[in-house]
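Worksheet for the structure shown next.
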């Protein structure tokens, strides 16, 4: 089969996620990737692209990483899958132990599932049932945030706050309490950064004060609301939110699916705030982006609420997927953790984070750049029509899509969300490649915006 | 580390699915599996167990199947993961094409996701949004069945009908219309099999007649309500249900997650009924039980309702997971399909299905066997306290758990659900092994029940 046949079959048989298939079929033909190495992916014609988005925020150690491939193969030759009720296996035990040892705090137990959405569903169900078991049956509500994204299963969608993705399904969702997005550049309280005193948390404080007896948990993406447009906020916000949750006896669920595993420069983003959540969800880079695998970490307090004689079966946590703790995925995650440790990842990333910080400066004076923001290995440039008023380009102008196309022509995969161009490459990117990436992104933006 | 250390770490760090951890920690220590081959799994002490449940209904070609391991490794050395929006890859295209070519009917498009629960969430959201896009905004409700199980994410839980798993989460679920379970042995209409005229479908017919304008879809497990206790029903039921859905313009969602890929002797269970559903969900054995991967198949009618210029972004199907169509999982699924075809699976299974049918006869006269049922490679024995009244053993008597323990001592993994002992082994089981499995199961049952 030649290239045309592959693309024709793709268009005929495959319905792609988050994709308007007519548009995809039209001007923007799909790109068929056949191999990868380091931060590069290569298509069927031999074109190479710099993967600035870590293939949807998952890859960390580069593509087709040979040690991970080998760990995977060795596990597949031993045992590929084990029923995880009544039975267990070494890769899952090792991984859980390492994860708990690494955090070295109140998080003590690991519940496995398959992806970010399921890790969130586990967290929501666990938090909900916890209060039922503790005799606080009225604590049934969740607080979540505008611009939040927690996944696409209907429980995760319920706590999501991006209308375009979520609104149509409203009648299938449970009610939540929605609070303001900590969107510093477009402060919901009209403050400037220098004068911010976390006014955007006042709503949360008021609702917790008035209704804490109804509220099971607050769920939040730490430091960055990623799918909402790489909206970034201060670590102090998380610190204060933890204090409020403590004060009003409400659980804090921390969605580290995108930010965990060093994306912000630390193992988990919550560390920047000096706090410990009650529940932490992690996935994506947990396997260095090789395979779907997720974990939901929780405290003893949560765990032991379910731990009992349970004669009537009502204290069991009824959640599970057939492939829970799949040995193949766990084996890759174990090798990933070994590599991260050998590389001393936190130190390893520091010069790269600085290289981004330096390189982003060139965007500052560009007339259509409204904001530049960065947390560790994630950085973003928010493009505006008018810098003074912060007016956005209209959806129909498709700025993001045009920059995407301009990037591809230059050999770089950029995938702006709305008017937010962001950079989130595999960690193995070199400082030279960071400079090159930012230059190509700048040129792509200029090509579109003039 | 020796065995005790592994088990101690498991109990310390891992929260297992569908498991009361205190019970698990107590009398029934977890079994640590280290390798597998064919239908056998082996623990850390060298004990071998016959895997009669296909490691939670997923394995089909035996454990650590070498061709699948090799396909996996080759893919990992090329490219392990590709962002699946704007980009595509050969393993996903090949797999989608084969899946559609194999069914050779109205099902024309493949939407990938990660596991059975997500395949169901995709189906529910797709069916729901379809009617919104078709201008039938009132069609928002789903019909589902008592004893149904469709997964553990909250959308999937909403259409589930097993109180023990689902009841506690009720306030987080959307409302559905629940109809009778087609539980032939305990007919909800009080009929005997010989005189059955599908009376249990009358409720569905009535509700469709009265409220079809409110109903988006019916969702059902084909032929077998698996997690409900391997409840089996006649193919004619599905045939009639399809007719009703056609007559009242309601979509039929077929949950083939457990039964697809030859579990009932045919590629999909719906084939026994001579029908084609509008949406088919499949997972588990899709990768022969190696890796989590799921597909939701749909018709042109569904697909083209979303296919449009979509200037405002409202016709896009907003669902996706980072690892959607993971190339590693797709590569394994492709090799699985190649093997299934080479083995001529439908023919290959016929003598094995007969061996089960023959072997199950020995259970018939046992005083505590109420029902024996079989669909293809799935068979079940329903254990009762009183054969005449069909009275069940009480939950507290833990019959299933005792048989599980008795089985393990004999080197067979049985995992009865409540009072239902079932057999669902990998397809590579030989006729001799089937006889042996049934003998061991019989002995285990007798040990417990006398």
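Each residue, glycine too, has its Cβ placed from N, Cα and C.
When the candidates A:409, A:410, A:415 are compared with the substrate site entry in TrEMBL, which names A:56, A:149, A:284, A:320, the shared residue is A:415.
A:255 is the residue from A:51, A:255, A:386 that TrEMBL records in the pyridoxal 5'-phosphate site together with A:116, A:117, A:321, A:322. Proximity to chain B, defined as a CB-CB distance below 8 A, holds for A:116, A:284 out of the binding-site residues A:116, A:149, A:255, A:284. Comparing Cβ neighbour counts within 10 Å across the binding-site residues A:284, A:321, A:415, the minimum falls on A:415. A sphere of 10 angstroms centred on the C-beta of residue A:322 (pyridoxal 5'-phosphate binding site) encloses 27 other C-beta atoms.
Counting other CB atoms no more than 10 Å from each candidate's CB, the binding-site residues A:116, A:320 peak at A:116. With a cut-off of 8 Å between CB atoms and residues at least 6 apart in sequence, the same chain places A:160, A:161, A:162, A:165, A:221, A:225, A:226, A:227, A:228 near residue A:149 (substrate binding site), listed in sequence order. Same-chain residues at least 6 positions away in sequence with a Cβ under 8 Å from that of residue A:117 (pyridoxal 5'-phosphate binding site) are, in sequence order, A:150, A:151, A:152, A:153, A:156. Taking every pair among A:116, A:117, A:255, A:321, A:322, the residues listed as contacting pyridoxal 5'-phosphate, the largest Cα to Cα separation comes to 23 Å.
Closest by Cα distance to residue A:116 (pyridoxal 5'-phosphate binding site), from the binding-site residues A:56, A:284, A:320, A:415, is A:284. With residue A:284 (substrate binding site) as the anchor, the candidate binding-site residues are A:255, A:321, A:322, and the one with the nearest CA is A:255. Cα spacing between residue A:320 (substrate binding site) and residue A:255 (pyridoxal 5'-phosphate binding site): 19 Å, rounded to the nearest whole number. Using CA atoms as reference points, the binding-site residues A:255, A:321, A:322 were checked against residue A:56 (substrate binding site), and the closest is A:255.
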